[in-house]
């Protein structure tokens, strides 16, 4: 059982009756409400709340075997609901080594033993399969142990990533937990000009709003521009909300989507378990955000002002107009039409229309892989696939391949590549000494023919369009709502569902400021210890934060509360970044925001976290102009009143109040995970 050291533990269960007053909800909150379990009667979920969820489906891919190993290590024998779990093999499908084939066989055998739906190598990329086969479906909440689960939002399904421990929990118990993120409303206005596509939209959004405006947010796309986007374009945009920093990218269910599903009915064998007359007919009963729903931010972009864009090189936050790059005569070595982002039928046909009656330029390698075997079959039937092959494109099996840096055709030292994929991080698609750009399928195909980054119009011999000035805006309501939350905190002392035995009603400690943004997991727990499994707890405590500040250990003590800047815990998935803080007898970290994987690893290991941007801003203002210190004892104390869902900051332990603010509710289901020492302990208790 988890012990809060140096804390008094409340043994009484505090319970609150929820008000019957309607709380306006956005679409994200409404979907989560459907899939949240164990809520107190009358509880309406809101952004910031920690909730237990029972997702409609959970997908794992090549990482299914590590999840299975963790699942077995928990003592689980049988999957709780084998209709909830889906397994696909898609990442390393070109790898025919004995080791990889053995792993694939183990996954298939496990799926067979458990009666789990399994899709072998060659069937397609897992996210595409999830959409095609209806595991991701409008108004569902579907998770996957992969960062591009956001893609499901393109069909009105709330898709979000989880880590392997979460997946093992879903297998064993049918559920895991989620903190409902702040929700950003992104309004798409107008209609895209000819020659501009969904990929250009998300490249523009990533490039224009590139200061973490939507980091760890849920996104809801709205506006009259949505109806002009095809479903394939919506899937592309939702897919790359991951690179934009968001945890979901949700489009509305509208007539365009309903007609798309009507067509899907004719393509799938009927009766189909998930996409059938009944489920499609039910989409006419629209679920919409309340008109007075709250959003953390409102962003707007006018689609009519966009032109073709590229991301890069080597960053999705750097964007340039095609007009500018085309004029620079940037030679390319490789081009890629692959991945779950842009390898659907419309993408392949668009590329084929550009490349028909032409050849891939000498010295250029053009790789193509369909997002699924279904897509490839349709592309072959339409003639688009053969058009690409006749032009000199090199086919790859349906799967992730070069997008994830696996298999044939990777970028080599000094090469330049242009790709219709979602990530161009340095070294991701091959050599760290290569340059990678992201673009739409049309621009990728044109560049493959031209041998340089260029327009389709250059292939056609038509005039090249110029760049436009993009019209966009952002309004941030965080500061206003923070003040409103503070006022509400004064008047609403008990919004929580209660406190379990063994969980403290209050957590208090002195704030120790680590004043930096983007403190990564290597700064928290040095990489040289990550794969040493025998590091004792005392040593973990000693090296905690040493890469960030070697003096951290001498300046901090048990019971302190770390307070830091934005995107705390970014970087790798190492769980020790959370457990080393616990080893120092610190049970709470407050930050402006957290890296998503760190947040999940924290709760999964019983470390509590709170996002309070207003506190960070107050502390930074307090020390403005003073000599910088990596680690600073502030003399301010924070008290988290768990049943009241408020944090009060005072100058001194019993001094004047500096800040009082509402925070997300930590429901009893989540408290139980903490009391059990983390998610694995909780799962074991359920078996």
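From the backbone N, Cα and C atoms, a Cβ is placed for every residue, glycine too.
Copied over from Swiss-Prot:
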- 1-18: transit peptide (TRANSIT)
- 340, 400, 403: [4Fe-4S] cluster binding site (BINDING)
- 481-490: compositional bias 'Acidic residues' (COMPBIAS)
- 481-500: region 'Disordered' (REGION)
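Long-range Cβ neighbours of residue 340 ([4Fe-4S] cluster binding site) (same chain, at least 6 residues apart, Cβ-Cβ under 8 Å): 125, 126, 127, 128, 148, 151, 239, 371, 400, 422. Apart from the site residues 340, 400, 403, the chain places the Cβ of 90, 91, 125, 148, 338, 339, 341, 399, 401, 404, 421, 422 no farther than 8 Å from the centroid of the site's Cβ atoms, the recorded [4Fe-4S] cluster location.
There are 26 other CB atoms within 10 A of the CB of residue 403 ([4Fe-4S] cluster binding site), with all protein chains counted. The number of other CB atoms found within 10 A of the CB of residue 400 ([4Fe-4S] cluster binding site), across every protein chain shown, is 28.
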